[in-house]
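According to TrEMBL:
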DOMAIN    752-805  domain 'CBS'
TRANSMEM  44-71  transmembrane segment
TRANSMEM  91-113  transmembrane segment
TRANSMEM  133-153  transmembrane segment
TRANSMEM  165-184  transmembrane segment
TRANSMEM  196-220  transmembrane segment
TRANSMEM  232-251  transmembrane segment
TRANSMEM  284-304  transmembrane segment
TRANSMEM  324-343  transmembrane segment
TRANSMEM  416-438  transmembrane segment
TRANSMEM  444-462  transmembrane segment
TRANSMEM  483-505  transmembrane segment
TRANSMEM  517-536  transmembrane segment
Amino acid sequence: MRPDKSFKLYPRQDQEFKKKHSLDFQRVLGNLYGKRPTGNKTQAFMWIMCLIIGVIMGSIAFLMDLIVNFFGDLRWNSAETAARDHAGLGWFVLIVFSVLFIVIAAALTMFIAPTAMGSGVAEAMGIMNGVAYPDYISLQGLFVKFIGVSLAVAGGLCGGKEGPLVHIGAIVGYASAYLPLGITQYFRNDFEKRKLMAVGTAAGVSCAFGAPIGGSLFAYEISKPNTFWSFSLTWKVFFSSTVSTFILSVFKQLYDGLEPVRVSNSDIIKLGETNYKAPTMDSLIAAIILGSFGGLLGAIFIIINNSVNTLRKYHLKNKWLKILESNILVILTATVMYLAVYIRYAAATDPDNNSDICDIDNKQTVGFREPTSGIEPAKTRQFLCPDGKFDRLATLMFDSQANIIKTFMASGLRTIILENALIFMFIWYFFVCITSGTAVPVGIFIPCILIGCSVGHVYSHIHEAMGFKVNYSDPSESGIQPGIFAILGATAVLSGSTRMTYSLAVIMLETTSSVELFFPIIFTLFASYGTGALLINKSIYLSALRSKNIPLLSKDIPRENRNLLVKEAMSAPPICFLFVAKVKDIYFQLSTTNHNGFPVQDKQHRLIGLVERDVLITLIEKQAWYFPNDSKLPTFGDGIIIKKDRLSDINRNNSMESSSNGRVRASSQENQYIQSNFQQNLLQQDMELMHQQEQKVDEADYEDYRLFPIQDDKIQWQDLNQDFKSNIRNYKDITELAVRNPDQLLDLRPYMIERPYSVTIKDKLPKALNLFRQMQLRQLPVINDTTCKVEGIITRQDLFQYMSL
C-alpha cells in the first residue's frame, strides 16, 4: 500500500505540529498598517532591494567556491603526496583531513545553529506557505551554513552545496529588510519579507547553476501550493537572479585573471557548456528508459532515506552522537572511495601502462570551447600513476564535484570507462541514501546529478548493445554521445528524488546550453516523475516536511474529511474584545492565553474586526490610551463609512428569517410576481421591512461612534513593524504599564483588521482551507449564521489536524 494512501486517524494523533505557528501575512490588512506607502516609490525601493540581494548572493557563491576548492585540494594533495610513499599513509592523511573538516562543520551546526542542518529547502517551503520557523532565519544560521557546507563538501561527504544556497538566500532575503537604510522600513513585515525570501532563494539557485530563469522557476515551484506570486514579483525575482549570476561570473573571471572580462557567465556554469548536435530519434527511447530507471532510483532513495532519518530521530538525540555519526559516515565514505581507487590500481597487471587505469594527462581543456577562451584546464588526480599520467577512477572520486560533472557531461573531454562508472554509481548512491539528513549542512541536488551522470554513462553501453549508434570519440561523427546520456540520467535521478518539473527542465537546459535536448529532457521528466510516483508520491522535500512536523497546508482536504463542518475543527469558545476595552481586560487575556488574534465586536456582539496580539502589546507599550471626550462627534462626511448592504451582520429573529426566505423566492420567480398585484404588494412590504432593519443596524453603528468617536492614530505604522525573526512580542514587557494603568481604555478600531474574512458554522472544511490559503490568513473567525455572533476561530493547526502530508 502506498504510504500516502495508508489508513489515517483524524484529527491527527501527533501533536508536534502544534508547536509551529503561522506567519502574520494578514497584518498588512490592518487599518493602521494598511496606511504604509505601497506606491511607485516603494516599488522602486523593492527593485533596489533585489539588486542588493543579487550582489550579496553572487559574492557569497564566489567565496564558497573558493573555500571548497581550496580545502578540497588541500585534503587530496596532502593524501596523494603521502600515498606515493605508502598507500596506507595516504589513507590516514585523507581520513585526518576529512574528520577535521566534518568535526568543525558538525559542531558548528549542533551547538550554534541546529536549523542549518541539511539543505534547508523543506523549511523554505514551509515559510513560503506561512509556517513560522524563527530559528531558520538567523545570522548564526547564515554563518554556520556558509562555513559548514564548505567544509562538509571539501571533507568528502556525499552532499552538495547548491541546495544549501536556498537556505542562505532565504536568510539574505530576510536580512536585507534590516539593513541600516531608510528604504528598508517598508519591508519589515512577513508579507514583504516572504517576497524578499523568494528573491534570495532564486538568486542562490541561479548563481549555483548559472541559470537565472531556472532559479526563478525553482523558487516558484517550491512555494506551491501558495498563491502569493504575481507578475511583478516574478519579474523582480528574475532580475535578482540575473544579477547574482552576473556578479559570480565577473568575480570568477577577475580571480582567474581572464581578460577581457566578458558579460557571458558560461565560464562559471557548474555543469559546463556543451556543443551537442541535435540528437536522433533514438534519444527519445533513451529518455524514456533513463527516466523510468532514474525515477525508480529516486523513489528508492526517498524510502531508504526516510527510514534512516527515522532511526536518527529516535536514537541520535544527543548532540555528540550526531557529530559522531557524521564523522563515522565521512570515514566510511573516504575509506570506501580510497579502497576502490587503490584496489582497481593494484589489481591491474600493469596499471602504469594500462590506459583504463592510468591515462595520459595532456592537460586537455574542459572541452566545451577552444583553449583560447581562457578556460582553466581540467584538473586530474595522479594518485599512484607515473608522472604525466592521471588515475581515471581517482579523478572521478576525488575531484571537485563541478569538475566531475563537467567530465561526465563534456562533449569530448574523456572517455568514461564502464567499470569506473559502475563503481562511482554504486558508491555514491549508497552513501547519499544514508548521508542525507546527517548533522551537517549539505544538500542532495548535486549528488543526484552525479549519480544520474554515472547512470547515463552506464546506459550508453546498453544503448549500443540494443543496436543504436553511440559516438564515444569524434563529436563530428553520427551517433549519440555519452554526455547526452549523462544529462538525461542526471535529469531522471534528480526529478525522481525532488519531483521538480518545469524548473528542473529549464535548469538543465540553461546550465548545459543544450537547447537541442529539450524534447529528450521533457520525455525524461515525465517518465521519471510517473515511475517515482508509483512507489511513493512524495518528494524528498515533502518527506522532510513530514519528518520535521511542519504543518504545510496542501491544496486539498483528504477525501474522508471533505464533508466535515468547520464547527467540528474550530477552536472554541473564542476570546473577544469590545471595540473599546480596558487595559486590565486585555492584559489578563494576553497573560493567560497564547492566542495571536482576537475577534473585535461592537455592542451588538457582531464581528467588526480582528486584532493581533502584537498590536495590543504595542498599544499598551506606547500608552495609546483612548479618551472619548477628546474628539469631536464624527459624521458620515468625516470618513465613517456606513455600508447599506451588510445583511449578514443583521441579528436575525424568526420573523426576519422567514421574510428573507420570501425574498429569495421572489427573486427566483420574478416574472410570475409581476403578473400578480397581490404578490407585488407582498414584495413591497418585504422590502420596507428589510429597510427598517437596515436602519436599525446603521443607527446602532452610529450610536457606537457617537458614544465612542474615533480619534487620531496614537501610534505610527512603523511601530507595528516586525523584528528580524518575526518573533511574537512578550506580554511581560508591558506588565508594569498594565499594572499602573488598569482602567485606561484602548480603542481597537483604528488598528484592527476591519471586517475580516470569516466562515459560518455550517460551512465545510474545504471552503475554510481555500479561504485560509488563498487569502494568506492566520486566523479565520467562525460566526453563527443565525445570530451573527463569533462561535470560534480556525487556525493553521486546526486545519492541519484533518490533513495528511
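Glycine residues also receive a Cβ, built from the backbone N, Cα and C atoms like all the rest.
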Task = Could you name the stretch, out of 44-71, 232-251, 284-304, 324-343, 416-438, with the greatest number of CB pairs under 8 A to the transmembrane segment (483-505)?
result = 284-304
Note = Mean per-residue pLDDT in the domain 'CBS' (752-805) works out to 90
Non-local residues, at least 6 beyond the ends, that sit with Cβ under 8 Å of the transmembrane segment (44-71) = 101, 146-147, 149-151, 153-155, 161, 165, 168-169, 172-173, 176-177, 179, 183-184, 186-187, 195-196, 199-200, 203-204, 207-208, 236-237, 239-248, 251-252, 255, 400
Ask   = Mind checking which residues reach the transmembrane segment (444-462)? Cβ under 8 Å, same chain, six or more beyond either end.
value = 119, 158-163, 270-271, 286, 289-290, 293-294, 297-298, 301, 401, 404-405, 408-409, 416, 418, 421-422, 424-425, 428-429, 432, 436, 470, 472, 480, 482, 484-494, 497-498, 540
Query = For the transmembrane segment (284-304), which recorded stretch in the set 196-220, 324-343, 416-438, 517-536 gives the largest number of Cβ pairs separated by under 8 Å?
reply = 517-536
Query = Can you count helix, strand and coil residues in the domain 'CBS' (752-805) using DSSP?
reply = 15 helix, 14 strand, 25 coil
